[in-house]
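For Lys132, the entry in Swiss-Prot reads active site, N6-AMP-lysine intermediate, with the evidence type sequence analysis. Taken from Swiss-Prot, the feature NAD(+) binding site applies to Asp50, Ala51, Asp52, Phe53, Asp54, Ser100, Leu101, Glu130, Arg153, Glu193, Lys309, Lys333. What Swiss-Prot lists as Zn(2+) binding site is Cys427, Cys430, Cys446, Cys452. The feature domain 'BRCT' is assigned by Swiss-Prot to 616-701, with sequence analysis given as support. Among the features that Swiss-Prot reports, region 'Disordered' is placed at 1-21.
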Amino acid sequence: MSAKSTPDAGPQEQATEAEAELRHRWQALADEVRDHQFRYYVRDAPVISDADFDKLFQQLEALEAEHPELRAPDSPTQLVGGAGFATDFTPAEHLERMLSLDDVFNVDELTAWSSRVRAEVGDDAAYLCELKVDGLALALVYRDGRLERAATRGDGRVGEDVTLNARTLDDVPERLTPSDEFPHPAVLEVRGEVFFRVADFEALNAGLVAEGKPPFANPRNSAAGSLRQKNPAVTARRPLRMVCHGIGYTEGFSPTSLHEAYGALRAWGLPVSDHTTRVQGMDAVRERIAYWGEHRHDIEHEIDGVVVKLDQIALQRRLGATSRAPRWAVAYKYPPEEAQTKLLDIRVNVGRTGRVTPFAYMEPVKVAGSTVGLATLHNASEVKRKGVLIGDTVVIRKAGDVIPEVLGPVVDLRDGTEREFVMPTHCPECGTELAPAKEGDADIRCPNSRTCPAQLRERVFHVAGRGAFDIEGLGYEAAIALLQAGVITDEGDLFTLTEDDLLRTELFTTKGGAVSANGRRLLANLGKAKAQPLWRVLVALSIRHVGPTAARALATEFGSLDAIIEASEDQLAAVEGVGPTIAAAVKEWFTVDWHCAIVEKWRAAGVRMADERDASIARTLEGLSIVVTGSLAGFSRDEAKEAIIARGGKAAGSVSKKTAYVVAGDSPGSKYDKAIDLGVPVLDEDGFRNLLENGPQAPEG
């Protein structure tokens, strides 16, 4: 029995439960942030506005600031945005880390940043004010003046090789143009942003619509999607532009300031913005921010803020960087834009766990550079809180996303024809009566999770997601086709699909009556997916609250699905990163017969239900709790964790008296400080390698 259900639980039990609930709150928020980062950086299709994402990110930062023990190396606050997501492009390692930027949203936050900077460099430092172009970050490498490679940011260390596509851009020269003043360097890594001019974006979308293809939601998505085409010929047909805004690794080029570096880039034939201004002091910085806030639509491309950088490179080096962003630069982001439109209707959508979500269906309106007609309303309570009626003129806010936010109604424009939204009492897909999952929940759900068509579609689609089995070819259209044809009854049937099954679906059948190439690829990918690790199986089961982080923790702790099923709720909750809420959801899920039937179907089809340990790797860290903080040159975040786990250790996210070692890389942060305070041994990367190989008796670096 948990402390919560014991009336006379002591302070220690209550404190333990409070800590677990706090960690669950952090984990849920971190998982939500990573989910939106995936949609933004990999799928080029965000589902919330930049402003809403910024709020989520700030909530996570605030929670970690209040409880530093929660701040793990794999927290989104410690990583560059695209970290940890696999793609179809060849990995390309940056010569020097390609960091992101910290954001500020008002003058007070800008002042706080400038105060920290001035404390180090004084009041009269020179700054560069650059327009923050809303596009896709790109790094170009020139060797002896010739373009060698182009790569996206990725996780800051490794991006995607898009060299062939980048070569099609008019703004990317194949060769640098040397001069007596600026001979080209032996090696030059230059950073920039790929974007569409507004007029070019509108023309592109018009062409797509004329061809019967879906248009892009906004210029940023179109730039990312166009540069990341598998066929460079498609990229070549789209008028992408680029502007350079920084340098990385160099040989034979040592500028003393960014201003000087930009002059050299321009001389070599690289595109540099004409709108960048060098100013003295923060008063001048604030003036430039105010100016561009009023003139943001006077230029040919969209901007969402101004980037402020220290100009002197020596001062930049003095300030250094965190694991994700330089301390010498910051992005001042303008408030998201607003518009008014007519709320034509409020409709509902049913998700894979049965959650019924209302959304606004509006007259299309141009805002922030794109046309918008839909917006989420979250739940019935939110609709009531905002006070919107069907037929209202509403204010919407958008910051370059696909689905904007409805702020509220313009009450003075009501004419009496408006009507109140009534949340349906029964599922619009299957007719089942709706109800909250538990008393007090704001969300209502369709309890017919087994056969509700909407939930089935979403679950089948979820099985193929990158965070689950990662099955290429099983998209939303395929999920619908398989279910409608009766080829599968639920996700349990996926791994027994045959060519004969696919011939029953028009989607996977050629005009000649054979299985299409896409169908054959789907079957092959389903076969490969059977060997995916246990944590992906757990995610694919659509257990409420179980995302990749909790799934990894459970798989690492128990090793097999059977062991997880047999574990008690207390044993599950004791796993770091799980907690009582997730533990209860896991136990509840496995009490449902048809849930277990899905597992047994997968098991019978050969899906891997246990992680095999490599017997050739010595268990040098058996029982040791090890925390890795900062950036390691030879290990990614996941590689360091896997190395610890494979040797019997526990890759912990926070430092305590039970921590055996803390491994500190570049910019280690508060975990390093806590280790020193607690007297926990701290290892550098060489010491970590020795520890992995030889165990605790290894010399400490």
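Placed from the backbone N, Cα and C atoms, the Cβ positions cover glycine too.
Annotated features taken from Swiss-Prot, shown on the structure.
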| residue | record | DSSP class |
| --- | --- | --- |
| Asp52 | NAD(+) binding site | helix |
| Leu101 | NAD(+) binding site | coil |
| Lys132 | active site, N6-AMP-lysine intermediate | strand |
| Arg153 | NAD(+) binding site | coil |
| Lys309 | NAD(+) binding site | strand |
| Cys427 | Zn(2+) binding site | coil |
| Cys446 | Zn(2+) binding site | coil |
| Cys452 | Zn(2+) binding site | coil |
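Those residues of the chain, other than Cys427, Cys430, Cys446, Cys452, with a C-beta within 8 angstroms of the mean position of the Zn(2+) site C-beta atoms are Val350, Gly354, Pro428, Glu429, Gly431, Thr432, Leu434, Pro447, Asn448, Pro453, Ala454, Gln455. Here the C-alpha separation of the residue listed as 'active site, N6-AMP-lysine intermediate' and Leu101 (NAD(+) binding site) works out to 11 Å. For Asp52 (NAD(+) binding site), the spatially nearest entry among the binding-site residues Cys430, Cys446, Cys452 is Cys446, judged by CA separation. Among the binding-site residues listed here, namely Asp54, Leu101, Arg153, Lys309, Asp54 has its C-alpha nearest to that of Cys452 (Zn(2+) binding site). If you take the Cα of Cys446 (Zn(2+) binding site) and the Cα of Asp54 (NAD(+) binding site), they are about 31 angstrom apart, rounded to a whole number. For the pair Leu101 (NAD(+) binding site) and Cys427 (Zn(2+) binding site), the Cα-Cα distance reads 44 Å. Annotation: Cys452 carries the greatest number of neighbouring Cβ atoms among the binding-site residues Cys430, Cys452 [cut-off 10 Å, Cβ to Cβ]. For Lys309 (NAD(+) binding site), other Cβ atoms within 10 Å of its Cβ number 23. In space, Asp54 is the closest of the binding-site residues Asp54, Arg153, Lys309 to Cys430 (Zn(2+) binding site), judged by Cα positions. The Cβ of Asp54 (NAD(+) binding site) lies under 8 Å from the Cβ of Asp103, Phe105, Lys333, each of which sits 6+ residues away along the same chain. Other C-beta atoms found within 10 angstroms of the C-beta of Cys427 (Zn(2+) binding site) number 23, with every protein chain shown included. Least crowded of the binding-site residues (Leu101, Cys446), judged by neighbouring Cβ atoms within 10 Å of its own Cβ: Leu101.
Cys427 (Zn(2+) binding site) is 43 Å away from Arg153 (NAD(+) binding site) when you measure Cα to Cα. Of all the recorded positions listed here (Lys132, Arg153), the one with the fewest other CB atoms within 10 A of its own CB is Lys132. When DSSP labels each residue, the domain 'BRCT' (616-701) comes out as 32 helix, 16 strand, 38 coil, counted as helix, strand and coil in that order. It is 53 Å from the Cα atom of Cys427 (Zn(2+) binding site) to that of Lys309 (NAD(+) binding site).
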